[in-house]
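Annotated features, as they stand in TrEMBL:
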type	residues	note
REGION	1-46	region 'Disordered'
TRANSMEM	76-94	transmembrane segment
TRANSMEM	114-134	transmembrane segment
TRANSMEM	154-173	transmembrane segment
TRANSMEM	205-228	transmembrane segment
TRANSMEM	256-276	transmembrane segment
TRANSMEM	296-317	transmembrane segment
TRANSMEM	329-352	transmembrane segment
TRANSMEM	386-403	transmembrane segment
TRANSMEM	415-434	transmembrane segment
TRANSMEM	469-495	transmembrane segment
TRANSMEM	507-526	transmembrane segment
TRANSMEM	538-558	transmembrane segment
Amino acid sequence: MATAGPLNLRGRAVNEKQTSIQSRDEDEGRRTRRRVGESLGKLDPMRPKYPHDRHPVLVPGISIDEQRRRYSVDKLVFAIAGGLTVAFVIWGVVAPDSVASVAQTAFDWSTRNVSWLFNSVAVVVLVSLLVLAFSPYGKIPLGKDGEEVEFSTFAWVAMLFAAGIGIGVIFFGPSEPLTYFTDPPPLTNEAGSVEAMHRAMAQTYFHWGFHAWAMYALVGGAVAYSAYRRGRSLLMSSIFRDLFGERLTEGFAGKLIDILAIVATLFGTAAALGIAAMQIGTGVSIVTGAGQLTNIMVVGILLLLTVAFVISAVSGVARGIRYLSSINIVLTIGVVGLILAVGPTLFLLNFLPSAQLEYLGSLFDLMGRSLSWGEETQEFQSTWTVYYWAWWISWSPFVGIFIARISRGRTIRQFLLGTILIPATLLFVAFGVMGGTAMSMSQDGSLAGDLTPPQVFFAMIDNLPYLEWLPYLIIVVLAIFFITSADSASVVMGMLSTRGHLEPSRWVVVFWGLVMAGIAVVMLLLGDATALAGLQQLVIVTAVPFALVMLLIIVAWARDLTTDPYTLRHRYADAAIRNAVLQGVERYGDNFAIQVVEASCPEEGAGAEVDSTDERYTDWYQRTDEEGHPVEYDFDSGKWADGFDPETGEMPAVRPDGP
């Protein structure tokens, strides 16, 4: 029986003549292949013209730190963001009551009139990211092909956890479920019942779980892809380069996005730090018996912690934040483990899986609650659910950019599933143990129902045996959470105000850290918790435009992924293999082989349906010098035609002749 010849990738039989042509072409290719140092810009006139003579399918990706950019303080961004900050502080000093009044009015309007938008964004973001994670795009790396991850999984998760949630674990872990248990959401269960206990945990998981982390994952994933795969600056505005074009994203529109990101980060973190300092102060007052907590005491605590996070910030991400986050996640796990061991252990071991299944089972019901369920539900949504969605959205620029900074080298699937599932799962356990313990104590009457969040936690600890020393450790944990959150925010604001510099100048990082702490101090000294709450409500209002930005990020990122080299490779492979297999089986049955040869005409090539010279496929990897002028580059050797040395960042004394 005769054996069929091999098929080309469009399914055509390969005869001896074609094989001979192929060998000749390969020889010519070897002879004409560029040598390092020779004319980098020389192209074969018979082939389409690509940047650097590199087909888009063969581009391995470009990292931001391989680009030739001059980083400096963006004076416009710095001036406007700084000006808005000064204006707000002056407003707070002159008329603190006005701040609170305006903030309350804007907050009430936002939560009543656009609550549907926040609810919709929370659902759309989570569903979109899960679809993306399990799609073929999920295999695309947030970096160059084959690039290694920068941080270990443990260090990565620790930094995610510390930056994204931080101090909220300790104070809201026991108090929020207890609140829902004693005062259930409308149209749910009877207060104090077994059903109310499980629903309380499900409601808490809903607010702190998958939806919250999806907000961070969207911004973080899009920024990381843009910076480490496409070579753009590590900025919010860089996400939209392909969607809106370079002129808009590099112009004022892009700067406006980055300014809003700085303002949201600055005020949001300042509010959180002020409240955190008050909570830490409450803990210190309780464990030391120092009596009534005063503003001066809180300010003193805040200033002391500010010095600590400035020291951490100047140490850099790889040292300060990583080490502190790793220490703190170990301490937090230890605290939760101790509560589980000496608390109502048997009850908690049964309660944890039940509460998580209750959350999963009631997820669609929780997502469906809105104004249409009546005024009581609307009030609950404004106070809790919509408030949380708005808060996570307003924090997404800060946390998202930070986790983008630490997620280099992971695939989109690893990043999305890791960011959404791992911290949420840790939270489910921590909140379940602390919330379950608090509700169990409330049932047997050992925990009063009129306590503030910090009081709930310390009262719960006080009711547990053998743990008289634990409150002191908790204060240390809270202090480290404070430091890592402030540190992360300062680094992010430094990057946003220095055109996306991966390692912003220390003075810039310290400046934003001091400004952030200064705002919290001023608000505490002027208006106690009232002005601080007004600041927090204003941060929520900034989430309204960012909610729309979140939807645009989904569109922009999806558009980028359709032109990624990985996507193009699979388009070529699918077309080639599909046609070759179909024609091979039709002509030769089981007995055929596939071989790569040149198609007899372009219409029969594997890329016949793709215009590989389209600017969307090629413009992004055109390398430029510091002035933005195109410069030839060899991807294989990493050599620049003008002699630029990427190791030293210097040009040669005598520039080589151009091509």
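The backbone N, Cα and C atoms fix where each Cβ goes, glycine too.
Automatic prediction, not curation, is the source of TrEMBL annotations.
Long-range contacts of the transmembrane segment (469-495) within the same chain: residues 159, 162-163, 166-167, 169-170, 234-235, 262, 265-266, 269, 272-273, 276-277, 279-280, 283-284, 286-287, 305-306, 308-309, 312-313, 317, 320-321, 324-325, 327-328, 331-332, 335, 338, 397-399, 401-402, 405, 457-458, 461, 501-502, 504-505, 508-510, 512-513, 516-517, each at least 6 residues beyond the stretch ends and with a Cβ under 8 Å from a Cβ of the stretch. Count of Cβ pairs under 8 Å against the transmembrane segment (386-403): among 205-228, 256-276, 415-434, 507-526, 538-558, the largest is for 205-228. Among the listed stretches 76-94, 256-276, 538-558, the one sharing the most Cβ pairs under 8 Å with the transmembrane segment (507-526) is 256-276. Here the listed stretches are 114-134, 205-228, 296-317, 415-434, 538-558, and the one with the most C-beta pairs under 8 angstroms to the transmembrane segment (256-276) is 538-558. Annotation: stretch 415-434 has the most Cβ pairs under 8 Å to the transmembrane segment (154-173), among 205-228, 296-317, 329-352, 415-434, 538-558. If you look at the transmembrane segment (415-434) against the transmembrane segment (296-317), you find fewer than three C-beta pairs under 8 angstroms, all six or more positions apart, and that falls short of contact. Below 8 angstroms of C-beta separation, residues 61, 63-64, 122-123, 125-126, 128-129, 140, 142-144, 147, 164-165, 168, 172, 176, 234-236, 238-239, 241, 355-356, 359, 363, 366, 384-385, 388-389, 392-393, 395-397, 399-405, 407-409, 412, 415-416, 419-421, 423-424, 427-428, 431, 500, 550, 553-554, 556-557, 560-561 of the same chain, each at least six residues beyond the ends of the transmembrane segment (205-228), sit close to that stretch.
Simply put, out of 76-94, 329-352, 538-558, 538-558 has the most Cβ pairs sitting under 8 Å from the transmembrane segment (114-134).
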